[in-house]
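Here is what TrEMBL records for this protein:
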- 69-179: domain '3-dehydroquinate synthase N-terminal' (DOMAIN)
- 72-77, 106-110, 130-131, K143, K152: NAD(+) binding site (BINDING)
- 182-331: domain '3-dehydroquinate synthase C-terminal' (DOMAIN)
- E185, H249, H267: Zn(2+) binding site (BINDING)
Amino acid sequence: MDRITVGLEGRPYDVLIGQGLLAQAGEMLAPYARGGRLLIVTDTQVGQHVLPLFAASLQQAGIGYAAHLLPSGEGAKSWPELERLVDWLLSEHVERSDHIVALGGGVVGDITGFAAHIVKRGCHFVQVPTTLLSQVDSSVGGKTAINSAAGKNLVGAFHQPSLVLIDPDVLDTLPRRELGAGYAEVVKYGLIDAPDFFDWCETNIDAFMAGNPDARRHAIARSVEAKARIVAADEKELTGTRALLNLGHTFGHALEAETGYSDKLLHGEGVAAGMALAFRYSVRRGHCPTSDAERVSAHLEKAGLPTSLSAANVDTSGEKLVEHMLHDKKKSGGTLPFLLANGIGKTFLAMDVDLSDVAAFLNEERSR
Ligand SMILES: NC(=O)c1ccc[n+]([C@@H]2O[C@H](COP(=O)([O-])OP(=O)(O)OC[C@H]3O[C@@H](n4cnc5c(N)ncnc54)[C@H](O)[C@@H]3O)[C@@H](O)[C@H]2O)c1
Ligand SMILES: O=C(O)C(=O)C[C@@H](O)[C@H](O)[C@H](O)COP(=O)(O)O
Ligand SMILES: [Zn+2]
């Protein structure tokens with residue numbers, strides 16, 4: 001089993017990664033179960049594929065549970081589902097000292113973490129991520145949120161989990177498209193500051209996609225290490241370090257908004273297209289060699305991911321996409337910083353990007 005500690009000063013927590021860990025979840029969660037009982041938040045798909053094994057493990061450890069099932073998919077990160085979830089927690093007499101369990105992907109983790117933050121002014125929560133995306137990214141770092149009509153993740157809080165339990169075996173039932181979407185966030189860590197990891201991805205993508213256990217374990221552990229290091233350095237995205245994790249997201253979130261947070265474009269797919277766009281825009285501004293941008297797109301495409309507006313099912317003006325971007329939480333004092341790159345593994349925050357130039361670039365991208 002790998003143990004990676006998120007080294008937040010005064011409140012470190014562990015991320016445990018191990019094949020078959022879910023079968024031991026009951027034992028590991030026993031200290032978190034008040035009166036021998038846990039409140040679990042999950043979704044309808046995870047309820048079918050993962051909850052039975054998880055529940056059996058709780059039962060074996062003598063832990064009872066009550067479960068709340070969200071609808072599966074991005075639509076659940078909404079005000080009505082948040083209200084239903086909070087009402088359910090209150091009806092179950094949740095206490096501040098409780099640890100609510102988020103069993104599912106990034107959607108379940110994001111809304112559960114936010115509900116835990118606001119209910120009774122703050123309860124604890126534990127993340128048991130069941131998608132690749134949530135194992136390598138969303139379960140670690142404490143960003144929690146729902147979407148609002150104005151945009152993605154606009155209502156939320158920083159609220160760190162007490163523990164993260166990752167069992168790579170649960171990915172066996174994950175649909176191939178969802179695996180690809182999570183893979184975009186894996187590749188992101190290589191593109192940010194780890195060119196050797198991007199090389200590893202290029203060499204090992206086939207083994208990884210085929211479910212090779214060593215490749216899975218390496219990709220997950222390396223991603224979690226990177227995320228833990230960056231979060232510990234800048235928990236609340238104040239210094240620019242954590243903003244690096246947003247590579248591809250300013251473009252990507254605009255594409256998600258344009259496709260209505262629907263099955264037309266998953267979050268990870270939006271990030272893939274967003275990273276390809278960020279690299280091509282970096283070439284246009286003279287920061288990045290064309291060959292690096294082409295290498296990034298080729299790799300993402302090998303994973304079946306979109307790297308253009310048309311492949312992301314978006315056919316709209318650059319001006320409209322820039323309007324979505326104006327809701328980005330990185331915007332400050334009228335300036336929207338962009339994550340651009342001097343090359344693979346050389347991402348930086350550019351503070352001088354002219355939004356009319358971004359719109360012109362995106363209009364050119366429409367014919368790609
Ligand atoms: N908080 C963060 O730091 C952070 C980071 C990245 C992404 N996110 C957010 O995460 C969300 C995307 O998360 P996601 O990609 O995990 O999507 P998701 O939570 O919607 O899960 C994807 C689909 O897979 C199903 N599923 C989950 N586990 C399964 C399993 N083991 N077997 C079969 N089916 C399974 C789910 O029911 C769902 O239909 C987005 O809202 C994004 O904004 C947050
Ligand atoms: O943890 C972070 O910081 C990230 O930016 C990780 C992203 O992959 C994730 O999608 C995050 O939710 C985006 O954050 P936001 O602040 O742009 O909503
Ligand atoms: Zn993301």
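Using the three backbone atoms N, Cα and C, a Cβ is placed for every residue, glycine included.
Locations of recorded TrEMBL features on the structure.
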residue	record	Cβ neighbours (10 Å)
S72	NAD(+) binding site	18
E74	NAD(+) binding site	20
G106	NAD(+) binding site	26
V108	NAD(+) binding site	32
D110	NAD(+) binding site	25
T131	NAD(+) binding site	27
K152	NAD(+) binding site	23
E185	Zn(2+) binding site	27
H249	Zn(2+) binding site	25
H267	Zn(2+) binding site	27
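Classification of K152 (NAD(+) binding site) by DSSP places it within a strand. S72 (NAD(+) binding site) sits 14 Å from H267 (Zn(2+) binding site), taking the CA atoms of both as reference points. Those same-chain residues not listed among E185, H249, H267 yet with C-beta within 8 angstroms of the centroid of the Zn(2+) site C-beta atoms are L133, D137, A184, K188, G248, G252, G268, G270, V271, G274. In terms of C-alpha distance, the listed binding-site residues E185, H249, H267 place H267 closest to G106 (NAD(+) binding site).
The Cβ of A76 (NAD(+) binding site) has D43, L70, V107, V108, I111 as same-chain neighbours under 8 Å, each 6 or more residues away in sequence. Among the binding-site residues A76, H249, H267, the residues whose Cβ sits under 6 Å from any atom of ligand 1 are H267.
Highlighted here would be the binding-site residues (E74, A76, G106, V108, D110, T131) whose C-beta falls below 6 Å from ligand 2, but none qualifies. Cα-Cα distance from E74 (NAD(+) binding site) to H267 (Zn(2+) binding site): 8 Å (rounded to the nearest whole number). Mean predicted confidence for the domain '3-dehydroquinate synthase C-terminal' (182-331): the pLDDT average there is 98.
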